[in-house]
Amino acid sequence: MADATATAITHIASLVTNDPSLGSGPLGLIQDAAVVIDGDRVAWVGESSKAPATDNRIVAEGRALIPGFVDSHSHVVFAGDRTEEFNARMSGRAYSAGGIRTTVAATRAASNNVLHANAGRYVREALRQGTTTMEIKSGYGLTVEDESRALAVAAAHTDEVTYLGAHIVAPEFADDPAAYVDLVTGPMLDACAPYARWIDVFCEQGAFDGDQARAVLIAGAARGLIPRVHANQLSYGPGVRLAVELGAASADHCTHLTDADVDALASSGETVATLLPGAEFSTRAEYPDARRLLDAGARVALSPDCNPGSSFTSSMAFCVAVAVREMGMTPDEAVLAATAGGAAALRRTDVGRIAVGARADLLLLDAPSHVHLAYRPGVPLAAAVWRGGELVK
Ligand SMILES: [Zn+2]
């Protein structure tokens, strides 16, 4: 129960708890609600009229409160600029995975201080927009030294650190990809595993095939890293089924799916389908079919996929709006995917929901309902953000 030093947020027009036992529907909606924060945790949730007395009180004045967004997929440890590549692509040139090499060269040449400053900039940018949990990957170093220092930078900004040495084959190994896989699963893994919770691989034509991806993920799992997979983004392929087979936490992108891929995701109790519509938006590509996945029974998450090449946005609200407009999701489904879905993709139960004992990660919207995230695209609706009970915006 809350003590006298707790803070109550009262008169919340609409509260998204993501706990169906607390309110109506899958979002567990409560109208005219209150939430009490005590320390870094949620101490009480209910109707505003029944809120316990606290020393501190914030009156939400008819605004909506939702869990902080949980972004399970980002690439914010990088240096360099790809404005010209984007400009060229928007002028008619097709995207290819090779563009990553531009960022690899700039990242290798950057100091640790530059990488820290850049990562921190995008983590804070996302936080101001309501993202209170953010996974961060390596993948622009592709040497033992550069991958491990990228992960050290990531670990300074988040607990959700992902080793992505298998982003593309390092340029030095273009003629011998097998030797690069040996490096990624050998000395590079040794150097990187201490910093990371997750291991990821870009399973795609032009990156790593199914056998190579399997070798990378199995080697990581043997070191205690949990798999996640860049799967079926640019073409059909084995990535999604490999992710499900290996019990990966997430198959990310899921843009080109066969019925067998959809069935595999729907019948998996472990692997979340994480959709990254910023990538299709920024490359003028076809969006993933969220409706098909949801109707089949798959668990879906949304993430901006913040990276300097294919999706240079940190805005989860933007992804919610695109998912509703272009991918067949309802506003409720999109908000659930951006919060609880991301938490599931990171196997977290302390974030992505507002219930007693959860981390007090909260986003107060300058709107009466969470539906406004889709209804008012491009409008900055984050009125206040708490992370671990601390008001950070
Ligand atoms: Zn990615």
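The backbone N, Cα and C atoms fix where each Cβ goes, and this holds for glycine too.
Residues or ranges marked as Fe(3+) binding site in TrEMBL: His73, His75, His230, Asp305. Feature annotation from TrEMBL assigns Zn(2+) binding site to His73, His75, His230, Asp305. According to TrEMBL, the 4-imidazolone-5-propanoate binding site annotation covers Arg82, Tyr140, His167, Gln233, Ser310. The annotation N-formimidoyl-L-glutamate binding site is assigned in TrEMBL to Tyr140, Asn307, Gly309. The annotation domain 'Amidohydrolase-related' is assigned in TrEMBL to 251-370.
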Nearest-integer angstrom distance between the alpha carbons (Cα) of His167 (4-imidazolone-5-propanoate binding site) and His230 (Fe(3+) binding site): 9
For Tyr140 (4-imidazolone-5-propanoate binding site), the number of other Cβ atoms found within 10 Å of its own Cβ: 30
Euclidean distance between Cα atoms of Arg82 (4-imidazolone-5-propanoate binding site) and His75 (Fe(3+) binding site), Å: 14
Extra residues within 8 Å (Cβ to Cβ centroid of His73, His75, His230, Asp305), Fe(3+): Ser74, Lys137, Asp252, His253, Leu276, Ala279, Ser303, Cys306, Asn307, Ser311
Among the N-formimidoyl-L-glutamate-binding set Tyr140, Asn307, Gly309, as the record gives it, the longest Cα-Cα distance in Å: 11
Collapsed DSSP category at Gly309 (N-formimidoyl-L-glutamate binding site): coil
Env. residues of N-formimidoyl-L-glutamate site, Cβ within 8 Å of mean position of Tyr140, Asn307, Gly309 Cβ: His75, Phe78, Arg82, Gly99, Ile100, Thr103, Gly139, Pro308, Ser310
Contacting binding-site residues, sequence order - Tyr140, His167, Gln233, Ser310 vs ligand 1, Cβ under 6 Å: none
For His167 (4-imidazolone-5-propanoate binding site), the number of other Cβ atoms found within 10 Å of its own Cβ: 26
Listed in sequence order, residues with CB under 8 A of Gln233 (4-imidazolone-5-propanoate binding site) and six or more positions away: Glu204, Asp252, His253, Thr255, His256, Ala279
Fewest other Cβ within 10 angstroms of its own Cβ, chosen from the binding-site residues His73, Arg82, His230: Arg82
Closest of Arg82, Tyr140, Asn307, Gly309, Ser310 to His73 (Fe(3+) binding site), Cα positions, binding-site residues only: Asn307
Cβ atoms near Gly309 (N-formimidoyl-L-glutamate binding site) (within 10 Å, other residues, all chains): 25
Cα-to-Cα gap, Gly309 (N-formimidoyl-L-glutamate binding site) vs Arg82 (4-imidazolone-5-propanoate binding site), nearest whole Å: 6
